[in-house]
Amino acid sequence: MKANVILCLLAPLVAALPTETIHLDPELAALRANLTERTADLWDRQASQSIDQLIKRKGKLYFGTATDRGLLQREKNAAIIQADLGQVTPENSMKWQSLENNQGQLNWGDADYLVNFAQQNGKSIRGHTLIWHSQLPAWVNNINNADTLRQVIRTHVSTVVGRYKGKIRAWDVVNEIFNEDGTLRSSVFSRLLGEEFVSIAFRAARDADPSARLYINDYNLDRANYGKVNGLKTYVSKWISQGVPIDGIGSQSHLSGGGGSGTLGALQQLATVPVTELAITELDIQGAPTTDYTQVVQACLSVSKCVGITVWGISDKDSWRASTNPLLFDANFNPKPAYNSIVGILQ
């Protein structure tokens, strides 16, 4: 590729990077310098337009990925996000255990880093996650008094959401609260408070940031008429009728090969719930079959409430399912056939 062509292609990206007059975090400033030097190589390996830009032309809000500080400091991850994606979800840094493993001792460093990176690079953020039975500090799990737990939930949600008020587009307020048959999962939250913990968390989040979209997020929402899908629909419809401010449903979409075919029917069923949004929130597919990836993307395109897609990581080597090679880039950060097939259907 000739130098002048490269410069023309790079101009919008480099222009979007923060200028030297902005007071950057030192690590981000160093990262920016590395990105500027490496962008030409990435353009040789990616689409001439970002997947994010392409999906926005189809009426959706974003195509994003999960990441965190450690991954962003590996320059290929950051550069790919810069060039091709429009949204980031913190993989771990906003989970309760990461933020407050010891009561009252808050660790904002990694979460702040991700938020700063996103803001300095014009990326939307999905906050993940406020209430989850896993990666939960022992001191929360050991609470045995309902009134204490109510206050702890309110304090946690209002503190975290309030810190990032106006900076985070959407929050996964509650995560994985259903069993496969659609009943409520047993956790410290449901054991002490029953369904009430859902209302407490959503109301606290709404009060802390009225502009943020508030989601309930879960896995195995990938087949129409599945028990969890039906149970979630019933519960969420009831909670909304009771005034609980639930704006959206997130379908994680951690799929096995062949699982993409059920996504459209499942999204169509979820769209009957009186929420304003749906989203594919944690997409990865065992073996990364092109057919399954394109089926999921086409499903989101076909359902008006589906606002966007987040893939759960960039490179296979960094995936929580690394042995199954489920992502769009291989271990060397080269785009895989599934990546190219998505670009093809979005063009």
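Yeah, the Cβs are placed from backbone N, Cα and C, and that goes for glycine too.
Features reported for this protein in Swiss-Prot:
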type: SIGNAL; residues: 1-16; note: signal peptide
type: MOD_RES; residues: Gln46; note: pyrrolidone carboxylic acid
type: ACT_SITE; residues: Glu176; note: active site, proton donor
type: DISULFID; residues: Cys300-Cys306; note: disulfide bond
Local Cβ density at Cys306 (disulfide bond) - other Cβ atoms counted within 10 Å: 27
In the chain carrying Cys300 (disulfide bond), residues 6 or more apart in sequence that have Cβ under 8 angstroms from it: Lys60, Thr263, Leu267, Ile280, Cys306, Gly308, Ile309
Cβ packing number for the residue listed as 'active site, proton donor', 10 Å threshold: 19
The residue listed as 'active site, proton donor' - helix vs strand vs coil (DSSP): coil
